[in-house]
Amino acid sequence: MLDLKFIRSNPEKVQEGLNKRNKDISIAPILELDEKRRKLLAEVEKMKAIQNQKSKEIPKLKKEGKDTTELMNELKELSDKIKELDSQVKEVEDEIEKILLTIPNIPHESVPIGKDDTENVEVRRWGEPRVPDFEIKPHWEIGEKLGILDFERASKVSGSRFTFYRGLGARLERALINFMLDLHIEKHGYVELFPPFLVARKSMIGTGQLPKFEEDAFKTTDDYFLIPTAEVPVTNYHREEILKEEDLPIKYVAYSACFRAEAGAAGKDTRGLIRQHQFNKVELVKFAKPEDSYDELEKLTADAEDVLKHLGLPYRVVLLCSGDLGFSSAKTYDIEVWMPSYGRYVEISSCSNFESFQARRANIRFRRKDGKLDFVHTLNGSGLAVGRTVAAILENFQQKDGSVVVPEVLRKYMGTDIIK
């Protein structure tokens, strides 16, 4: 959520920032409501001053033995008017908050201006894609042939965009989760959380999924939501708390299943593991001081990249342009892994700095050493999406005979060096 005071003081700057997103977003309604609210508050203060003045007259009149009935009636009328105005103020404030919750974050000044993903900027590459002397099979095909992925039975059980992992496929998924957690905990210094997979509406609002993206979420009949990412419960872990400056940055890593309706994704990557309704992910979440958050974004992105380096998977890092930026993000790097059967790089992680956008919604602050309270900056990134990593391994390490070589760092988890 954007700061109303900042919007009021910098309307042109805010509108200019929102215009960079290439969407029709106007702050005019908020400014109008804010002006209405301030006028109502001024009227309330004026009436309260009159009320206080008249209240002081009552003891004097009583002391003089005079009738206070008329004055008491005036005070009753004033009290009723103040209550009515307070009610109007509450209505206007609720309307302001309702609109604020639908307005996205302002892109950071370092974000390139562009209309969509075609104008994202490649930052760097790592690793060289293999050029095999045989035709690469797509991961779903080789997975089914090896008997480690079963899409057909998953479709029978649950419908489209679900998968059964079987045998060494299930072990590979589990090995990746454990490897990613161990790497981030032991090498990168994150603290592990194992979060609930169901959250309340307030938590989804806190991280920016609601109200704007409710159609993309799976919701229970009693208003709980299946999490689309561990970002939601882990960020809300410190909701409505005041943290200590000396404890920042706080770094969490969490494995969770993720659930997404993928509304509007028809026809996109419909086969295989790339776009599923349910998938596993290891998430990195940070709480940082505002002055440190962009350094922390670079470190977080490097931590996610490190997983791919250890696995030996070629990838590139892309800086998202303003038109492709997520709703809550001020700046995002996408990490894209090379997928041979696609002939292109495919997103496997998004690493974002939300600045104070989520912290304002979730009321997460910290106390500076001088006693001043400030909102933290929140960051997160996939470290990594597990199903997509499985897909990348099956495609990048498949052999001519149809087997798949297990990356060296996974062999102690897998108990084998090859899937055949």
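Glycine is no exception: its Cβ is also placed from the backbone N, Cα and C atoms.
From a predicted model like this one, the values you see are computed outputs, not experimental measurements.
Cross-referencing SER110, SER155, SER356, SER382 with the L-serine binding residues that Swiss-Prot gives (THR229, ALA230, GLU231, GLU283) picks out SER382.
Residues THR229, ALA230, GLU231, GLU283, SER382, recorded as binding L-serine, reach a greatest CA to CA spacing of 9 Å. For ILE348 (ATP binding site), the same-chain residues that are 6 or more apart in sequence and have a Cβ closer than 8 Å to its Cβ are LEU308, TYR315, ILE335, GLU336, VAL337, SER382, LEU384, ALA385, ARG388, THR389, ALA392. GLU262 (ATP binding site) sits 13 Å from THR229 (L-serine binding site), taking the C-alpha atoms as the reference points. According to DSSP, GLU347 (ATP binding site) sits within a strand segment. Of all Cβ atoms in the shown protein chains, 20 besides its own fall within 10 Å of the Cβ of SER350 (ATP binding site).
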